[in-house]
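The annotation compositional bias 'Polar residues' is assigned in TrEMBL to 136-146. Summarising the annotation, TrEMBL assigns domain 'Fibronectin type-III' to 29-120, 148-236, 275-329. Positions annotated as region 'Disordered' by TrEMBL: 1-23, 121-146, 226-274.
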Amino acid sequence: EEPLPSEEPQVEKPQTESLSPEALPARAELGELRVSSVTPSSVELQWSVPEGSFDSFTLQYRDAQGQPQALPIDGGSRSVTVPGLSPSRRYRFHLYGLQSGKRIDHVSTDVVTDAAVPEQLPLPSQEPQLEDHNPEQPQTESSQGQVVLGDLRVSSVTPSSVELHWSVPQGSFDSFTLQYRDAQGQPQALPIDGGSRSVTVPGLSPSRRYRFHLYGLRGRKKIDHVSTEAVTADPEDLSPPSMDTPTGGPPDEDHDTAHPQTEAPPSAARPAQAVLEDLRVSSVTPSSVQLHWSVPQGSFDSFTLQYRDAQGQPQALPIDGGSRSVTVP
């Protein structure tokens, strides 16, 4: 129903239907869509809004199987990382700026993902990549003195994702790259903004050991490197509430959430201190859903969103306690 445009038919429709098309771009205008980084499995895109503002954006593209994908993006964002791509493949990305649900402006760009280079991505058991780089870069020693990566720690694990945290006790990095091998043994590389101190790695397989390597970069040079291992959770462990209620029916999620409150005395006090309000759907595409919620009272350390994918497999997405929305791709 949402065929991806070769030119810009989707934007031209709303403009021709609108009575004053020429006034709309004057109020909100999209700048050029530029590629800021490319890996074999992801692309980072950036854009500007030289005039006006948009309520939200939608990025559309076709995946390696030719299926249309649409990624909803917050109106304040000026960049997005698109993961899960295939190496050495040309993708065409279309970014739409929306106001009140209408597509006002549209920019596109073509990107070819990097080749999967075995030489660069044999993931190190120790740290051969950095040791290779160090002799070639005389500045590295002084750089390492100024900027240091702290331990890479696993902060939460689900059957399909791992959340990792790290610190930068000294100096700062321009960006990070997280490298690991997926369940098929294919190398993956996830570019991360230099200001970030955590990342959630989605799309993993349950009950599987993964080794993650985080590189701190200055420019395009790898300055420091830390690694850690994590084992994804067993899907059987997905519903802790049913462990509290052995007599309750595990398939009924409403019973699961109700039982701990009635059976466990300590949790009776929790709703008074921290309360979740309605989970609302704020936008829907053929391949994603954006959800919003509120916390009218108290605060939570974190959230977990659970659902079953198209294959009926349980998925759990860890979310930071300060968040009030999430996009499920």
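Keep in mind that glycine also has a Cβ here, set from the backbone N, Cα and C atoms.
Mapped onto DSSP classes, the domain 'Fibronectin type-III' (29-120) shows 0 helix, 50 strand, 42 coil.
Helix, strand and coil content of the domain 'Fibronectin type-III' (148-236), in residues and according to DSSP, is 2 helix, 50 strand, 37 coil.
Averaged across the domain 'Fibronectin type-III' (148-236), pLDDT in this predicted model comes to 88.
Counting residues of the domain 'Fibronectin type-III' (275-329) by DSSP class, helix then strand then coil, yields 0 helix, 29 strand, 26 coil.
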